[in-house]
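What follows is a single structure, written as C-alpha cells, with notes after it.
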C-alpha cells in the first residue's frame, strides 16, 4: 500500500484553487499582463505555462491581439455605471466599446460556458463580429450566479488539462482532489484513498479494485454483480415447479399457498404437492428435499456474491471510522495530547490504510471467482493468503483503536503512536506483498488438473478471459464456446498445409 511511501496527496477545493492561481500569477508577473488576461491565455493554451511563456516572449503584442486581448475599437466615454432600469447596468469588455445589459451578458455567458465546457475555447464579446475576449475582469461586473459559473468553468478547465496528475474524487458530494506527487509515476499509482473515505482506481476511475485488473473489474461491476444478485434472489425467493422445473415465485399473498405455473401445473408452495393430492387437507409440512439447486456456476456466483457483500459491509465500517477520525478524533488528539501536524499525518495514514486493505480484501473474492474451478490448489492458497491478510489487518485496526481510546496524555500518545507507526509499515508491506503475489499470478503454485495438457485453455472472444476446455461458456461473461474448435480436432502445426 502507499501508507508508508504515499505517492499522492489529497487536496481541498481551496488548495486546488490556490495551485491554479499560482500559475495565473506567475504568467501575470513575469510578462506584465493582468491576471484576467493571464487566465484567458492559460485556458486557451490548455494551461501549458511553458507554451504561454514562449508565445508571450516571442511577440507579446501579436499574441495578445490574436487572442482578443488587445483593444479592437476606440472606446467611447464609459457608460458602464449608467443604470438602465431595474438595477441593470451596461457592461463591456476592456477591449471594445460594445455595451450590453447585465441581463443580456448573463444569458449569453450561461449558454457560452455550457457550450465551451468541452472545447475550452475563447469566449468573445456579445457583439456578433467582435473578437474581444471575455475574461474575469468582465465577469466581475456581472451577477453572482454568473461569477460562480465562470469560476467553476476556470477550475474545471484547470483540472481537465492537469488530469494526468490531479483528479477530483469521484465519490458523490466529495470536493476533495487527489494529486500525484512530483516523484510519483501515474503507472505505479493504482489505488488512492480520499479523506472522505472513498478509494478509487487512478487508471479507470472505478472504486479501487486491486488485485483485479481494470477490465475484469469493469465486467464484474457492470454485468456479473447484477447477474449474481439476480441468481441469488431467484434461489432465495423461488421454487422449481415439480413438473417443468421452471423457477416460480409466490404471489403477493403469503397465505395463498396454491401456485399456478405457466405449464398449467398447480402445486402447494409448502410441500410441492398438487391440489388433488391434498384432498382438501392443507395441514402439510415443508418437503425435506428442496427443488433443484443452483448449478456449479450459479453456486460459485452466489458464494462470491456473499463474500463480496460481507467485504463491502466491512469496508463501509472502515470508511465510517475514517470520517469519524477526521471529524472528531483528530481534533481531540490535538486538544488533549498536543498532537502535531506530523502526528496527525501518522494517525490519518493508519486510518486510510485500513480502508485500502478492506477494499483489497473485498475485491480479492472477485479475483478468486476468476480462478477456474480446476485450479483448486490456487484457490486453497488464495484462501490461506486472505486469512493471513485479514488477521494482519485486524491487528492493525486494534493498534489504531488503542491510540484512539487509551491515548489520554502526550506521553500515552507518543507510546501508542510509535506502535501504530510500526503497525502501519508492517501491514502496508504485508498487503503490498499480498497484492503483488496475486497480480503476478502466483507462479509458485502449480494448478491441479489440466494445467500442463496441450489445448487445455480457450480465450473468450468477448472479454479475452482464459477458460478451461471443460467450460462450455466463459466464466467471466458467459459467452458460449460454440465457435471455438475443440482441441481434439485442431490440426497440429506439422499437419498444416498437407493434402489428403
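Heads up, residue numbers simply count up from 1 along the chain you see.
Keep in mind that glycine also has a Cβ here, set from the backbone N, Cα and C atoms.
Feature annotations, courtesy of Swiss-Prot:
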- 74-288: region 'TRIAD supradomain' (REGION)
- 78-130: zinc finger (ZN_FING)
- 96, 98, 125, 130: Zn(2+) 1 binding site (BINDING)
- 148-214: zinc finger (ZN_FING)
- 169, 174, 194, 196: Zn(2+) 2 binding site (BINDING)
- 201, 204, 209, 214: Zn(2+) 3 binding site (BINDING)
- 241, 244, 261, 263: Zn(2+) 4 binding site (BINDING)
- 241-271: zinc finger (ZN_FING)
- 268, 271, 278, 284: Zn(2+) 5 binding site (BINDING)
- 453-483: zinc finger (ZN_FING)
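Locations of recorded Swiss-Prot features on the structure.
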{"residue": "169", "record": "Zn(2+) 2 binding site", "Cβ contacts under 8 Å, 6 or more apart": "10, 175, 176, 177, 178, 194, 196, 198, 200"}
{"residue": "241", "record": "Zn(2+) 4 binding site", "Cβ contacts under 8 Å, 6 or more apart": "247, 248, 259, 261, 263, 265, 267"}
{"residue": "244", "record": "Zn(2+) 4 binding site", "Cβ contacts under 8 Å, 6 or more apart": "261, 262, 263, 265"}
{"residue": "268", "record": "Zn(2+) 5 binding site", "Cβ contacts under 8 Å, 6 or more apart": "257, 258, 259, 274, 275, 278, 282, 284"}
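In the three-state DSSP classification, residue 201 (Zn(2+) 3 binding site) falls within a strand. Cα of residue 98 (Zn(2+) 1 binding site) to Cα of residue 209 (Zn(2+) 3 binding site): a span of 55 Å. The binding-site residues examined here are 174, 196; by Cβ neighbour count within 10 Å, the least packed of them is 174.
For the binding-site residues 96, 125, 174, a Cα-Cα cutoff of 10 angstroms around residue 204 (Zn(2+) 3 binding site) retains nothing. For residue 194 (Zn(2+) 2 binding site), the Cβ neighbour count at a 10 Å cut-off comes to 22, with all displayed protein chains included. Residue 261 (Zn(2+) 4 binding site) has a Cβ environment of 17 other Cβ atoms inside 10 Å. Note: the CA-CA distance between residue 214 (Zn(2+) 3 binding site) and residue 130 (Zn(2+) 1 binding site) rounds to 48 Å. Long-range neighbours of residue 125 (Zn(2+) 1 binding site) (same chain, six or more residues apart, CB within less than 8 Å of its CB): 68, 92, 93, 95, 96, 98, 131, 132, 133, 134.
It is 209 that, of the binding-site residues 98, 209, 278, has its Cβ surrounded by the most other Cβ atoms within 10 Å. In this view, residue 284 (Zn(2+) 5 binding site) is surrounded by 14 other Cβ atoms within 10 Å of its Cβ, with every protein chain counted. A Cα-Cα distance of 45 Å separates residue 130 (Zn(2+) 1 binding site) from residue 201 (Zn(2+) 3 binding site). Neighbour density at the Cβ, taken as the number of other Cβ atoms within 10 Å, is lowest among the binding-site residues 214, 263 for 263.
When secondary structure is read from DSSP and collapsed to three states, residue 268 (Zn(2+) 5 binding site) falls in the strand class. Taking the centroid of the Cβ atoms of 268, 271, 278, 284 as the Zn(2+) 5 site, the other same-chain residues with Cβ within 8 Å of it are 257, 270, 272, 273, 277, 282. Between the alpha carbons (Cα) of residue 271 (Zn(2+) 5 binding site) and residue 209 (Zn(2+) 3 binding site) lies a span of roughly 44 Å. Shown in sequence order, 10, 170, 171, 175, 176, 195, 197, 198 are the same-chain residues outside 169, 174, 194, 196 whose Cβ sits within 8 Å of the Cβ centre of the Zn(2+) 2 site.
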